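Everything below concerns the one structure shown next.
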Amino acid sequence: KECMADETVCYIHNHNNCCGSCLCLNGPYARPWEMLVGNCKCGPKE
């Protein structure tokens, strides 16, 4: 499966395309409103 590289901004509609997890500025859990505004980035696999 194609996936986005680490440090790529992940939005709510594409967070499952990260190679690892989608991490937000306020912690490891991607909250919907943070993902809508582009505050989250792909991170390493857990």
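Glycine too: its Cβ is placed from the backbone N, Cα and C atoms.
Among the candidates Cys3, Cys40, Cys42, the disulfide partner that Swiss-Prot records for Cys24 is Cys40. Only one of Cys3, Cys10 is recorded by Swiss-Prot as the disulfide partner of Cys22: Cys10. Noted from Swiss-Prot: Cys42 is disulfide-bonded to Cys18, selected from Cys3, Cys18. Here Cys3 (disulfide bond) is positioned 18 angstrom away from Cys24 (disulfide bond), judged by their C-alpha atoms. A coil conformation is recorded for Cys3 (disulfide bond) in the three-state DSSP classification, outside any helix or strand. Fewest Cβ neighbours within 10 Å among the disulfide-bonded residues Cys3, Cys19, Cys24, Cys40: this applies to Cys3. Cys18 (disulfide bond) carries a strand DSSP state (E or B).
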